[in-house]
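As recorded in Swiss-Prot:
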type	residues	note
REGION	1-234	region 'Pyrophosphorylase'
BINDING	8-11, K22, Q77, 82-83, 104-106, G141, E159, N174, N232, R338, K356, Y371, N382	UDP-N-acetyl-alpha-D-glucosamine binding site
BINDING	D106, N232	Mg(2+) binding site
REGION	235-255	region 'Linker'
REGION	256-461	region 'N-acetyltransferase'
ACT_SITE	H368	active site, proton acceptor
BINDING	A385, N391, Y392, S410, A428, R445	acetyl-CoA binding site
Amino acid sequence: MSLSVVILAAGKGTRMRSSLPKVLHSVAEKPMVGHVIDSARQLGASNIYVVYGFGGDVLKATLTKDNTGDDLTFVEQVEQLGTGHAVDQASPFLTDDEDVLVLYGDVPLTKVSTLESLLAAKPTDGMALLTVHLANPMGYGRIVRQEISGKQQVVGIIEQKDANEEQLKINEANTGILLANGGDLKRWLSNLSSDNAQGEYYLTDIIAAAHGEGKVVATAHPETEIEVEGANNRVQLATLERAYQARIAEELMIAGASLRDPARIDVRGNLTTGTEVSIDINCIFEGEVSLADNVQIGANCIIKNSTIGANVEIKPNSIIEDTIIEADCSVGPFARLRPGSVMKQDSHVGNFVEMKKTTLGVGSKAGHLSYLGNAEIGTKVNIGAGTITCNYDGVNKSTTEIGDNAFIGSNSSLVAPVIIGNSATVGAGSVISKEVEDNDLALTRAKQRNIAGWQRPVKKS
C-alpha cells in the first residue's frame, strides 16, 4: 500500500520570539521541518503534504530551495483551528486506498526506525499511534485504554485540559504521530467537533471514532523520549540540538571513530569516517564530509563539503571548504583551504597559508604565510614563506602555473597570468610578472647597498 505523509507546520511559534515560522528554526543547520521531510522520504512516501500557516511565503521559499523533487505539496491552513482541522486541509489530496502518516514539523528527532515500527504495527483494518510513557506527562494528551477480549485496548485520547482527576494519573501520553487509512481518516475528520475546552478540532478525537467502528488501535513506542519532543522556545531548541549531536557522536564512535570529547563536536550535514579516525574537541563538520582511514583532526577545525584522504593530519584551527585532500597530506595549524582547492598526495600546507581554486601537486609544500589563488602547482614544488599569487587585477582573475620541482623563494609575488617553468628558481623578495623558463633563476629585487657608519635619528627630548 502506498504511503502519504502529512506534516503539520502551521504554528507561529510565538515563544521563539522570531519572525521565522517555528518549523524553520534549525537543528544542525537544517530547519526542523527539513529533518521531518527527510524522514518521510526515507520511509518511501509517495506524497508529502506540508500544512502551513504563519510565514507561508518564507516557509515555501525555504523548503522549495532546499528540497528538490515533485513529492512535496504545500497546503494552507488559513485559520488555526486545531490539529484535526490542520490535517483536514490535506484531505482533498488523500486517496482512500493509501496509508496516511501524520508528523509534526517541530518534532525533528523521530528516528526512521521508530516510524517503521509504527507502520508495521498498524492492523490491516485499523490504525496505529505512537505513544510514550512519561514520568511527568503534564501537558500531553493521555491514552485511555479498556480491557477488550483480555487485552488493554486503546479506546480514546483525552487532552490535558479535558481530563478528569483519574485520567490525569495516566502516564502513557500521545505524541500526536499516527497512521491511518486514507478513507478512514477523511471520514473521521469530517465528523470532528470543536465542543471542548479549547474550542478546537482535535485530531485525537478520531481515536474514539475508530474504536466506535470496532477498529483496533495499535501502538508503537520510541526508544527515547527525545524522539517525540518538540521545540516551542529556544531553550527547547537547544536541547534538541544537543540531543541530535549526541546521537551523531554515538553513531560515529560505534562506526570506529575516536572523539576526544563526544559533547564537543557538531555535525551539520553528513559525516562519514573510515577506521582509526581521531577527532579532537570543538570541530564542526558541515555539508558532505568524508574522512578516510587514519585521518587525524586537531582541535577547533571547521570542515565543509570536503573529502579527506587516508593518513591525513589536519592540525588545529584549520578551516577547509569544498576541498579535496589526497592521502598522506598535512594541513595547518591555522590553514585555510577555500573552495576549489586540491592537495595532491603527500603535499603540505602549513600555518597561515590560504589556498583558493588551487591545485598543490604531489609532494609540494607551502609551509608558511602564503596566499595561493587560481594556481596550478606541479610536483615537489617548494613555496617559500610569504609567497603571494597576485591573481586579481581589479576586474579579472588570472592563473599562475608553477612547474615540477620549482623553488619559489620567500616573500615573492607572482603576478598572474604567469608561468614558472620546471625546476625554475625564483629568488627571495622577487616580483615576477614574466614567464620564467625551465631551469632558470629569476631575480627582480634591487641590489643591496650598505652605508658604513650610519647613525639612526635620535629622538629630541
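Cβ atoms here come from the backbone N, Cα and C positions, even for glycine.
Tertiary neighbourhood of the region 'Linker' (235-255): same-chain residues 16, 25, 27-28, 32, 108-109, 226, 229, 262-263, 265-267, 271, 273, 279, selected by CB-CB distance under 8 Å and a gap of 6+ residues from either end. The maximum pairwise C-alpha distance among A385, N391, Y392, S410, A428, R445, the residues recorded as binding acetyl-CoA, is 22 Å.
The residue listed as 'active site, proton acceptor' has A385 nearby among the binding-site residues G82, D106, R338, A385, Y392, A428, counting only those with a Cα within 10 angstroms of its own Cα. DSSP assigns N382 (UDP-N-acetyl-alpha-D-glucosamine binding site) to a strand segment in the three-state reduction. Burial estimate for the binding-site residues (R338, R445): highest at R338, by number of other CB atoms within 10 Å. For L8 (UDP-N-acetyl-alpha-D-glucosamine binding site), the same-chain residues that are 6 or more apart in sequence and have a Cβ closer than 8 Å to its Cβ are V51, T83, A86, V87, V102, L103, Y104, G105. Cβ neighbour count for D106 (Mg(2+) binding site): 26 (other Cβ atoms within 10 Å of its Cβ, all protein chains included). In the three-state DSSP classification, D106 (Mg(2+) binding site) falls within coil. Put simply, of the binding-site residues N232, A385, N391, S410, A428, the one whose Cα is nearest the Cα of R338 (UDP-N-acetyl-alpha-D-glucosamine binding site) is N391.
A385 (acetyl-CoA binding site) sits 56 Å from G11 (UDP-N-acetyl-alpha-D-glucosamine binding site), taking the CA atoms of both as reference points. Calculated from their C-alpha atoms, the gap between S410 (acetyl-CoA binding site) and N232 (Mg(2+) binding site) amounts to 57 Å. Taking a C-beta cut-off of under 8 angstroms and a sequence separation of 6 or more, Y392 (acetyl-CoA binding site) has the following same-chain neighbours: G373, S398. When other Cβ atoms within 10 Å of the Cβ of A428 (acetyl-CoA binding site) are tallied across all protein chains shown, the result is 15. According to DSSP, A428 (acetyl-CoA binding site) sits in a coil region rather than a helix or strand. Using G11 (UDP-N-acetyl-alpha-D-glucosamine binding site) as the reference Cα, a 10 A cut-off selects D106 from the binding-site residues D106, N391, A428, R445.
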